[in-house]
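*Asks:* Got a structure for you, questions after.
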């Protein structure tokens, strides 16, 4: 028992085109001359594009000198060096590097750019684009014009502080116009804002993260080409949050009177802008007194914020099978960093009144009639089954002729794809034979041979099992000659095959996955098909072997030592992961998902458990070719490894069963969270039913301890409620590449941050783990204990 304290320490919620050279948020470099602060700006262009780098001289009488990687740049057939700009046409990979301009005979830098040339950019890859924007322009010269003026009608935008702001001015013209932004009538650059800006020229957009009051003003987009110019102005107002102590709804909790043995619920509705801390207290007596020497009442803490409790759960106090000792005064105490508030209610417990027993002949008649009807129903069912068995004819003789049936693909493709999901891709011949099938539930079937992928069965040596999948099993094997460059050298592969109890449906799924992998092709960051054994035996599908298992277990095995894990804490991991290693994992997975999206393939379940790691630490996405029946998924049933698939699914996939590339982006955001928690469990301790409500209310997971603010904002963009507002995988690759290039190779993880809240010891629901903080939503950590002074008494009651 403790006296009721009036102070609670709580944390508040912190909660060929031509490209312009101002694309990404600038950051100051360490080696720039101290005379003028120059920002290094990242510039990404596609092969064959035209690059224009601007330079504003301080003295127009002095000549300008351009340098690339420290060497002077001179004019050529592709390069034009001017007094105000450097223009490079038909750029190639060799044009990548660091460009700077300065006055001749002076060391002062005027501008500085990092240029990276990648594969040719295509606006068609941006899923945020509208079709009418892509089709704008018919070859005739025309001045700029707005393509979606209906989306630009809202000129005043008011957002709370810390939110992300995005302005768009979609336009078109011929030639393709350029766009630049003004703030309050002046040129708006990234260095003018502490958090930087993102300029996505392909989307005609300006993005500002973590808005602050200084961002208020008028933002004007100016779109122009040589035939004209248009502009549009938005007004931004950033609203500061008004701090206040928690507000409790009047009348709650309410007094209650119940009989002994009943169940009781007390409700307490709390309203607070800052994250509240809620406790339920019961007033007690000590030595016949309800108050201590200092005038504070004696109380027992019945319920407080814990590891796996949410605000919604804390707002209700449950008392089951109440006794006379439970009668008394109960208090709901809520506080935040501003102050506290509390409401109290009384519970009255009455003795049970024994009711006189009356014979209810109607009830007895109902029970007897029900029993008779049940017995009659069972008798009828037994008689019908006996009659059906007597009517069965003898088995038909074996079929003597060859019958064929088409195997239809069951994979996830976009409706506009050229690959029709109902087109027969493989025709299987069913063999008639007096012998039984090789597998008990699978008919003996003959698959047509594909010379491009067929592998000789005698050159394959099967090894130990690696695991079981949805419809088969996977074993390790040695394949001699499968590598065309080394025909006599064995290569370790993974072989997918049916289980002993496989069915015709399982075979159909395995063939569909094999055909899907053939069509998708090869990429470094996906599991690639190597071959197949389809003749003279069971079907074997040969794929690449990843020796280090799936990404989830790979990360957990490399967590820093000394933490409270379920496995041996004395075992030191063989490899130590740096922050750059984690960013590299995320970058490689994004590359693989970008490739699958380019092939119009929707994965539906991108998660760390579906990413495999090779001996060289290459990330490879697996199971993208599986045929999934989304209408038959048991959303409440855990998988074999204890994971809940719904925790990776986008809201539109959960509630409307709509699967798109945007829903894959949402799942990728959860995968990012897994990476930076080193294999943590998403939404630990949150029941599935509660998760549905939390997602609808806009709750999102908190920033992992070893994750930068920039990467966390990428996660939040992936979890945008509106699918079209989420980034594309191409944009995610660009963002990760930029973070990767700016990350130090010796930036190790912070070992002082506890990982046990993400440990596999915490079950997915009804967890009793006692970590220091299990806040999985965007809230700051709470203090370890509220300021309720206490010490232990021998009878277990807390006393002041």
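Every residue, even glycine, has its Cβ placed from backbone N, Cα and C.
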*Asks:* Looking at the candidate ranges 301-321, 322-342, 343-363, 364-384, report the one that Swiss-Prot labels transmembrane segment.
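*Replies:* In Swiss-Prot, the transmembrane segment feature sits at 364-384.
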*Asks:* According to Swiss-Prot, which residue among 77, 416, 766 is annotated as N-linked glycosylation site?
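*Replies:* Annotation hit in Swiss-Prot: 77.
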*Asks:* Need the matching range: Swiss-Prot marks region 'Disordered' on one of 727-763, 764-800, and I'd like to know which.
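*Replies:* That would be 764-800, per the region 'Disordered' entry in Swiss-Prot.
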*Asks:* In Swiss-Prot, one of 124-143, 144-163, 164-183 is tagged region 'Disordered'. Which stretch would that be?
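*Replies:* Checked against Swiss-Prot: region 'Disordered' maps to 124-143.
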*Asks:* Of the residues 287, 706, which is given the N-linked glycosylation site tag by Swiss-Prot?
*Replies:* 287
*Asks:* Could you let me know which of 255, 441 shows up in Swiss-Prot as N-linked glycosylation site?
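*Replies:* The residue tagged N-linked glycosylation site by Swiss-Prot is 255.
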*Asks:* With H, G and I counted as helix, E and B as strand and the rest as coil, say where DSSP puts residue 712 (phosphotyrosine).
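*Replies:* Looking at the DSSP assignment, residue 712 (phosphotyrosine) belongs to a helix.
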*Asks:* Taking the Cβ of each of the recorded positions and counting other Cβ atoms inside 10 Å, which one has the highest number: 55, 90?
*Replies:* 55
*Asks:* Using Cβ atoms only, which residues of the same chain lie under 8 Å from residue 218 (N-linked glycosylation site) while being at least 6 residues apart in sequence?
*Replies:* 183, 184, 185, 233, 234, 235, 236
*Asks:* Taking 10 A as the limit, how many CB atoms besides its own sit near the CB of residue 101 (disulfide bond)?
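*Replies:* Residue 101 (disulfide bond): 25 neighbouring Cβ atoms within 10 Å.
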*Asks:* Going by DSSP assignments with H, G and I as helix and E and B as strand, what are the residue counts for the domain 'Ig-like C2-type 2' (144-237)?
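*Replies:* Counting residues by DSSP class gives 13 helix, 50 strand, 31 coil.
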*Asks:* Report the mean pLDDT of the predicted model across the domain 'Ig-like C2-type 2' (144-237), rounded to a whole number.
*Replies:* 89
*Asks:* Which residues in the same chain, at least 6 apart in sequence, have a Cβ under 8 Å from the Cβ of residue 221 (disulfide bond)?
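*Replies:* Result: 167, 169, 179, 180, 181, 182, 204, 206, 231, 232.
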*Asks:* In which DSSP state, out of helix, strand and coil, do we find residue 268 (disulfide bond)?
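*Replies:* Its secondary structure by DSSP: coil.
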*Asks:* Rounded to a whole angstrom, what is the C-alpha distance between residue 77 (N-linked glycosylation site) and residue 474 (ATP binding site)?
*Replies:* 57
*Asks:* Looking at the recorded positions 101, 255, 287, 332, 712, whose Cα is closest in space to that of residue 472 (ATP binding site)?
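*Replies:* Comparing Cα positions, the candidate nearest residue 472 (ATP binding site) turns out to be 712.
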